[in-house]
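A.B. asks: To start, I am sharing the structure in question, which I have written as C-alpha cells.
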Amino acid sequence: MPYANQPTVRITELTDENVKFIIENTDLAVANSIRRVFIAEVPIIAIDWVQIDANSSVLHDEFIAHRLGLIPLTSDDIVDKLQYSRDCTCEEFCPECSVEFTLDVRCNEDQTRHVTSRDLISNSPRVIPVTSRNRDNDPNDYVEQDDILIVKLRKGQELRLRAYAKKGFGKEHAKWNPTAGVAFEYDPDNALRHTVYPKPEEWPKSEYSELDEDESQAPYDPNGKPERFYYNVESCGSLRPETIVLSALSGLKKKLSDLQTQLSHEIQSDVLTIN
C-alpha cells in the first residue's frame, strides 16, 4: 500500500532551468499527484489587471492584455511574502498584494518599433520579466531577440498602459503555471506494455533504459507494478526548479494534513451524534 512505503528520492540533474530526479518505492497515484501539484498548486506572480490608456497598434486591447499576462515574472524573492489579492484588506491594489508595471512606448521613426517585455517598468526590482533578469545597465549588452514580443508599432503609433501583477496558481489560470513542462515516466523499457509500438526497434530509447544496444524493449512482465518514477521538471523562469519541487511537496503535505484534520472532526461529530 502507498502509505506503508518509504519513498526515496535521488536527484540526477539540476540546472537553472530544470531538475531531473527519481522517486522509488511509491505508488502511481502518488506520483501523478505530485506531477499535478507541480503544475497547478505552486503559486507565482503574473500580470492579472491591465488598464490601457492609449493603444493605436494593430492589436486590440484584449490581445495585449492576454500577452502581458503570459510574460513570466521573477517570483523567487517575493511570492511567499505577497498576499493573495482576495485575502488582502486593501480596496484595490497595494504593495502587500500586487506589483505595479507601466509601459509607455511611441514609435517616432520610419523603422518598425518592437514593443517587448523589456519595455515593462516594474516598481519592484524583485519582480521583473524573466528575460530581463540578467540585463546590465548598458542596453547594448542585451540582445532584443531574448525579450518577449508584445506588439509591433509603426511610425505615429503608441502603446501606454498600467498593469498589476498578482499572486496565483495554475489551477486558476495557466499564466500562474510555474513550469514550462513536467514529465515523468515509469516504464523506460516498456516491460509493462503501457505503450504498444508498431515497430519497437524504430522508437528512440529512453535515457533511463537499461537495455542492451540490440534490444528494443524488455520482456513483458504481466505482474509488474510501477514503483520507480523518473521526473523532469522544467521551469518557465519564474521560480528556480528546486523551489518548484519543494513548494509543491509542501503544498501537497498541507493538503493531506488538512484532510486528516477535517476527517477527524467528521468522525468525532458522528460519534457525538450516535451517542
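Cβ atoms here come from the backbone N, Cα and C positions, even for glycine.
Per Swiss-Prot, the features are:
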{"type": "BINDING", "residues": "Cys88, Cys90, Cys94, Cys97", "note": "Zn(2+) binding site"}
{"type": "MOD_RES", "residues": "Ser124", "note": "phosphoserine"}
{"type": "MOD_RES", "residues": "Ser257", "note": "phosphoserine"}
{"type": "REGION", "residues": "203-226", "note": "region 'Disordered'"}
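Walk me through the surroundings of each of these features.
C.D. replies: Taking Cβ-Cβ distances under 8 Å and a sequence separation of 6 or more, the neighbours of Cys88 (Zn(2+) binding site) in its chain are Cys94, Glu96, Cys97.
According to its DSSP assignment, Ser124 (phosphoserine) is coil. The Cβ of Ser124 (phosphoserine) lies under 8 Å from the Cβ of Ile78, Pro95, Val99, Glu100, each on the same chain and at least six residues away in sequence.
On its own chain, Ser257 (phosphoserine) has no residue at least 6 apart in sequence with a Cβ closer than 8 Å to its own Cβ.
The list of residues near the region 'Disordered' (203-226) in space but at least 6 beyond its ends in sequence, with Cβ under 8 angstroms from a Cβ of it, reads 28, 31, 185-193, 197.
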A.B. asks: Can you name every residue in this chain, apart from Cys88, Cys90, Cys94, Cys97, with its Cβ inside 8 Å of the center of the Cβ atoms of the recorded Zn(2+) site?
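C.D. replies: Near the Zn(2+) site, the remaining chain residues are Gln83, Ser85, Thr89, Glu92, Phe93, Pro95, Glu96, Ser98.
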A.B. asks: Counting only residues 6+ away in sequence within the same chain, which have a CB under 8 Å from the CB of Cys90 (Zn(2+) binding site)?
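C.D. replies: The list for Cys90 (Zn(2+) binding site) reads Glu96, Cys97, given in order along the sequence.
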A.B. asks: Applying a 10 Å Cβ distance cut-off over all chains shown, what neighbour count does Cys94 (Zn(2+) binding site) have?
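C.D. replies: Within a 10 Å radius of the Cβ of Cys94 (Zn(2+) binding site) lie 14 other Cβ atoms.
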A.B. asks: Using DSSP, how many residues of the region 'Disordered' (203-226) fall into helix, strand and coil, respectively?
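C.D. replies: Residue counts in helix, strand and coil order: 0 helix, 0 strand, 24 coil.
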